[in-house]
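Visitor: Found this in TrEMBL, in case it helps:
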- 1-111: domain 'HotDog ACOT-type' (DOMAIN)
- N9: active site (ACT_SITE)
- 167-281: domain 'HotDog ACOT-type' (DOMAIN)
- D198: active site (ACT_SITE)
- 292-324: region 'Disordered' (REGION)
- 296-306: compositional bias 'Basic and acidic residues' (COMPBIAS)
Amino acid sequence: RIMRPDDANIAGNVHGGTILKMIEEAGAIISTRHCNSQAGEPCVAALARVERTDFLSPMCIGEVANVSAEITYTSRHSVEVQVNVMSENILTGAKKVTNKATLWYVPLSLKNVNKVLEVPPIQYARKEQEDEGKKRYEEQKLDRLETKQRNGDVILPIINPEPHTVGYSQSSLIHLVGPSDCTLLGFVHGGVTMKLMDEVAGIVAARHCKTNIVTASVDAINFHEKIKKGCVITVSGRMTFTSNKSMEIEVFVDADPFVDEPRERYRAVSAFFTYVSLSREGKPLPVPQLLTETEDEKRRFEEGKGRYLQTKAKRQAQMQQSAQ
């Protein structure tokens, strides 16, 4: 579809959340089709995880986004989908790849939202493809478990914070989940949640640098629990790390059952977003150094630095392989 002004920021760059929402919709369509391809109990595919996603090139107002999806692996109860996003300038015909993403879905019964159904297997062209897919499945399963175990943090308001501190830029958004946010089963679309998360992360980044900012990448997004219609969700974001030209922002979503649910608040989704600061001409700008004050902030900064260096090393290794 064509990108409209309400899809973009004030500089004309399409929001990362808008693109993430389109990616999720494509993955949900192909996964639901596949899981209903054989006779059996009808189901809807629910998003469980999004692997690291890099925003390779900015997309602008007036360009056409073409989103394509392919199923690359199936386990007994999950589907791996690879999604590619290409932008097209319909005036010049120029095309470019903007995103590549990997998503995992699980099929949930239409009769019972808590029942996970079995996934029809796919045919692999080579045995190696199945082995590689199984390896990716085991890795994401382990990472999801580790992420869930460290999800006890909360963001508390800070009175009169100093500029460039964690408290100065931290932000929260409160949203009542309505029918338009939900699937046929009455829980929130993963794309809706990711769009809200990107909005909060963008506010944190803009508050920190006071410039135009764009999403550079999103680390793995883990959907720990479903969010039902009628819940009040709080999307919270805080700066964890800054390099010379990038900012890492931790974002998590907490859900408060609001209607007919005697349950306490719970952590539903978590992820790390990376943003860069741009000039009016679209050139990268230096990012102000994050000032850490507490021991927890210093610990999170070092953890963010580790993720940054690991990603940088992987990117350099890929460039060397491509050059050979």
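Cβ atoms here come from the backbone N, Cα and C positions, even for glycine.
Where the annotation comes from TrEMBL, it is an automatic prediction and has not been curated.
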Visitor: Rounded to the nearest angstrom, how far is the Cα of N9 (active site) from the Cα of D198 (active site)?
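Guide: Distance (Cα to Cα, whole Å): 12 Å.
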Visitor: Restricting to the same chain and to residues at least six past its boundaries, which positions have a Cβ under 8 Å from a Cβ of the region 'Disordered' (292-324)?
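Guide: Result: 52, 165-167, 217, 219, 240-241, 243, 246, 248, 250, 272.
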Visitor: What counts of helix, strand and coil residues does DSSP assign across the domain 'HotDog ACOT-type' (167-281)?
Guide: 26 helix, 54 strand, 35 coil
Visitor: Which whole number is the mean pLDDT over the domain 'HotDog ACOT-type' (167-281)?
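Guide: The predicted confidence over the domain 'HotDog ACOT-type' (167-281), as a mean pLDDT, is 93.
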Visitor: Same-chain residues six or more away whose CB lies under 8 A from the CB of N9 (active site)?
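Guide: Once residues fewer than 6 apart are set aside, N9 (active site) is near H15, G202, N212, V214.
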Visitor: Which numbers of helix, strand and coil residues does DSSP report for the compositional bias 'Basic and acidic residues' (296-306)?
Guide: 11 helix, 0 strand, 0 coil
